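S.K.: So that we are looking at the same thing, I have put the structure below in structure tokens.
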Amino acid sequence: MARCSVLYFILLSALINKGQACFCDHYPWTQWTSCSKTCNSGTQSRHRQIVVDKYYQENFCEQICSKQETRECNWQRCPINCLLGDFGPWSDCDPCVEKQSKVRSVLRPSQFGGQPCTEPLVAFQPCIPSKLCKIEEADCKNKFRCDSGRCIARKLECNGENDCGDNSDERDCGRTKAVCTRKYDPIPSVQLMGSGFHFLAGEPRGEVLDNSFTGGICKTVKSSRTSNPYRVPANLENVGFEVQTAEDDLKTDFYKDLTSLGHNENQQGSFSSQGGSSFSVPIFYSSKRSENINHNSAFKQAIQASHKKDSSFIRIHKVMKVLNFTTKAKDLHLSDIFLKALNHLPLEYNSALYSRIFDDFGTHYFTSGSLGGVYDLLYQFSSEELKNSGLTEEEAKHCVRIETKKRVLFAKKTKVEHRCTTNKLSEKHEGSFIEGAEKSISLIRGGRSEYAAALAWEKGSSGLEEKTFSEWLESVKENPAVIDFELAPIVDLVRNIPCAVTKRNNLRKAFQEYAAKFDPCQCAPCPNNGRPTLSGTECLCVCQSGTYGENCERRSPDYKSNAVDGHWGCWSSWSTCDATYKRSRTRECNNPAPQRGGKHCEGEKRQEEDCTFSIMENNGQPCINDDEEMKEIDLPEIEADSGCPQPIPPENGFIRNEKKLYSVGEDVEILCLTGFETVGYQYFRCLPDGTWRQGDVECQRTECIKPVVQEVLTITPFQRLYRIGESIELTCPKGFVVAGPSRYTCQGNSWTPPISNSLTCEKDTLIKLKGHCQPGQKQSGSECICMYPEEDCSHYSEDLCVFDTDSNDYFTSPACKFLAEKCLNNQQLHFLHIGSCQDGRQLEWGLERARFSSNSTKKESCGYDTCYDWEKCSASTSKCVCLLPPQCFKGGNQLYCVKMGSSTSEKTLNICEVGAIRCANRKMEILHPGKCLA
């Protein structure tokens, strides 16, 4: 039949070649049907309006013309609208700020063109407090107190300089003594060095350091551009002026897509210790180290440009420095506005009020850096045109660099190489490689805005004037930006203010919650392995190379991959503080999970940190100052004429009626923490000589703490504490097995056997080998054959206690090896129990049962075991369960004469009844096989 079909099509082809071919457009198409979906890729079809006429039949139209066509439509993703939760209740009225707040969260960011959220997330209102404010004024001791509450050195009074910031140190001065012999100007733009920096948004924020404060020291620095020195502020360790304009420091970088440009795993260290989140922000490199830019502007613009077509990017950048600076490591002078904001923070933790610090002043401050400017452009090229140009990535970078030196820097002796003007891309644009770009995104920083704007490249523009770059460079000296900087957390600045320790702890807690709002774990997965990034309350998709479209849903012809890389879901809430003073949180690689060979998520699944819990009544946050950050037991001991100081409780114990001094004859009671119990006499008595009469007492653990295991493992039963003797079972997802023991028992104060932290799941190769075969067998084609212990049992399998009737000995064997040897007709091996062999009743009965089994007429396979006449196989547990004697069959050939308990009378029982009685551990003596003679 197939041969006839081939001959038919050969004949048809010959006829068509002679001119007898159907002109299919003679039969028009219908209109396309409406799309089957409004979004998320639907289909639509159309049909050819066929009329079976003479022309149709004579010209083979039936065989030549397609009758139906289908095409994809509405391939854009369905929009996801931003969704806000309801406001929670009003917080308690804070007595220090006389405000209360209520907050709501973003339940779902907008994505794929959905409606954004524009309503506020926090609401405040004034209130009348019912409690007193516990914040006390800072103790200035021997320093001068400003009207603002700030403490400054006494030597700064009446020196003619506004050191307090409110001029209160210069009030009522009879005579002033100047610090410097003449007046010096401040360093230009010195206030920029004291700005806060929002690491998560990549932009400077409000002033946190007062760099107008000189600290009563006349330290100056001189610039080569001016004859007059500048006054150095007290917050700066050193300052050095320089101007760098070398032509050879013009650098270029090539990016196949924006994922590598906006994501750098190695650049998250500045805040990873505060939350360990997986998110990152767009990072751009300068000459010294990586820096962030505002991902709500330039990076967002780059993402939107990449959606138009499959794109590659070439970035060219040059750093010009005016000066370098280093901030002092300690004793920094805060700005008045930042100090006022810190002083107005409540003592009780309030997420909304504490988070405003990061909104207003950023998350970090500059510890070192440079002032200057950065010439920085990101050129977008069509990936297809770059590929067709015939240039390599390195050659394309070189052409952009050479052309920039000639057209922007107007560098003399710059020779444009032949390959940069004669490739297929440059030839379309009169020899210009840069003109072949789709557009450019300006990342220029520093200098006057009109000069910076003039440096930006636009497609089809006539080019720059020769003075444009030099004018911008000159303006950088007067209008610099902070570049090439190092950062430290802004929380470190919260010192020497009232309740500094309490407020630092609250700010650290607020930062964890605040940083989570920037985590793209809240976004839905992007098509074609795109990487989601969160911009405010909107999720954007950063496309992989070879993909494009508003949400990366379109593919270039050569993009064939179907792999889906895994991305982290959001962190769970922190667990409660357990008896080991630890708490933990977890996350899953399921947004999405890796599929079809995609990469697994990088980073940790579980985080653990120290924590504390109180056994006393919670009376609110205490006001702890920097000089009070010590425990009560560190305070000086109270001297008294009589009585006893507080005794030392045993480890994991505490004193019920705790105080510093006890009267003679007074008793104290020792209690133990949860999970421990007192062993011994738990009362101490104060003696007249100031010592304690006490017996031996200790706190012994009565429970085991839930073990820490890999997230892929499931603990059953799942609870925080387990009593002595309780067991847990570790299981894995379907298709995987525990790579070690799966059952553990709480014994004493630890788990037996010990649970390894590295214990995880592995692919269940035994199931794959086994196929549809019985235990101990493997699939070989369509047949089942016995496994070979040496070849097929190299992986982990649980331990079994096994009895060998040949050697009359028992030993521990891996389950796989035991089943394989049983399959190979090794009948002398008998299963005793799961787990390693241990002396006891279970082992005694197992040995007796194995010896007695040779006389059984029934041998039913059941899991690892074989059930005999006195047993049945449990379908739910795959274990042999002993029958009760009345459940045994009557009669039979296997009979025994026995004597029960202390009775002297003899009785004839069959093998089932004898086995059932011995299994129940009842006393019985077997006199001889066969019926009793009497």
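Our numbering is plain: 1 for the first residue shown, then up by one each step along the chain.
Cβ atoms are placed via backbone N, Cα and C, with glycine included.
Got these off Swiss-Prot a minute ago, pasting:
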type	residues	note
DISULFID	Cys22-Cys61	disulfide bond
DISULFID	Cys35-Cys73	disulfide bond
CARBOHYD	Thr38	O-linked glycosylation site
DISULFID	Cys82-Cys117	disulfide bond
DISULFID	Cys146-Cys164	disulfide bond
CARBOHYD	Thr392	O-linked glycosylation site
DISULFID	Cys521-Cys570	disulfide bond
DISULFID	Cys589-Cys601	disulfide bond
REGION	611-688	region 'CCP 1'
REGION	642-934	region 'C5b-binding domain'
DISULFID	Cys644-Cys686	disulfide bond
DISULFID	Cys672-Cys699	disulfide bond
DISULFID	Cys784-Cys801	disulfide bond
DISULFID	Cys793-Cys816	disulfide bond
DISULFID	Cys880-Cys897	disulfide bond
DISULFID	Cys882-Cys932	disulfide bond
S.K.: Rounded to an integer, what is the Cα-Cα distance in Å between Cys521 (disulfide bond) and Cys589 (disulfide bond)?
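M.R.: That comes out at 10 Å between the alpha carbons.
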S.K.: Counting only other Cβ atoms and using a 10 Å cut-off, which of the disulfide-bonded residues Cys570, Cys672, Cys897 scores lowest?
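M.R.: Looking at the disulfide-bonded residues Cys570, Cys672, Cys897, the Cβ with the fewest others within 10 Å is that of Cys570.
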S.K.: Specify the count of other C-beta atoms within 10 Å of the C-beta of Cys932 (disulfide bond).
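M.R.: Its Cβ has 16 other Cβ atoms within 10 Å.
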S.K.: If we check Cα distances from Cys801 (disulfide bond), which of the disulfide-bonded residues Cys117, Cys146, Cys164 wins as closest?
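M.R.: Considering only the listed disulfide-bonded residues, the nearest one is Cys117.
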S.K.: Which of the disulfide-bonded residues Cys35, Cys146, Cys699 has its Cα closest in space to the Cα of Cys570 (disulfide bond)?
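M.R.: Its closest listed neighbour, by Cα, is Cys35.
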S.K.: Neighbour count first, Cβ atoms within 10 Å, every protein chain included; then name which of Cys146, Cys686 tops the list of disulfide-bonded residues.
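M.R.: Counting Cβ neighbours within 10 Å, the top one is Cys686.
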S.K.: Just to verify a number: CA distance, Thr38 (O-linked glycosylation site) to Cys589 (disulfide bond), in angstrom, no decimals.
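M.R.: Cα-Cα distance, Thr38 (O-linked glycosylation site) to Cys589 (disulfide bond): 30 Å.
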S.K.: Sequence gap of 6 or more, C-beta under 8 Å: which same-chain residues meet both conditions with respect to Cys644 (disulfide bond)?
M.R.: Leu661, Tyr662, Val664, Glu666, Cys686, Leu687, Gly690, Thr691, Trp692
S.K.: How many Å separate the Cα atoms of Cys897 (disulfide bond) and Cys932 (disulfide bond)?
M.R.: 5
S.K.: Which one is closest to Cys699 (disulfide bond) in space, judged by CA to CA distance, out of the recorded positions Cys164, Thr392, Cys589, Cys793?
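M.R.: So, spelling it out, the nearest of the recorded positions is Cys589.
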S.K.: Under 8 Å Cβ-Cβ from Cys117 (disulfide bond), six or more apart in the same chain: what's there?
M.R.: Cys82, Leu83, Leu84, Val106, Pro109, Ser110, Thr537
S.K.: Would you count the other CB atoms within 10 A of the CB of Thr38 (O-linked glycosylation site), including those on all shown protein chains?
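M.R.: Result for Thr38 (O-linked glycosylation site): 11 neighbouring Cβ atoms inside 10 Å.
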S.K.: Other than its own, how many Cβ atoms are within 10 Å of the Cβ belonging to Cys82 (disulfide bond)?
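M.R.: There are 20 of them.
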S.K.: Reduce the DSSP letter at Cys570 (disulfide bond) to three states and note it down.
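M.R.: SS state of Cys570 (disulfide bond) = coil.
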S.K.: What whole-number Å value do you get for the CA-CA distance of Cys882 (disulfide bond) and Cys601 (disulfide bond)?
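M.R.: Cys882 (disulfide bond) to Cys601 (disulfide bond), Cα-Cα distance: 49 Å.
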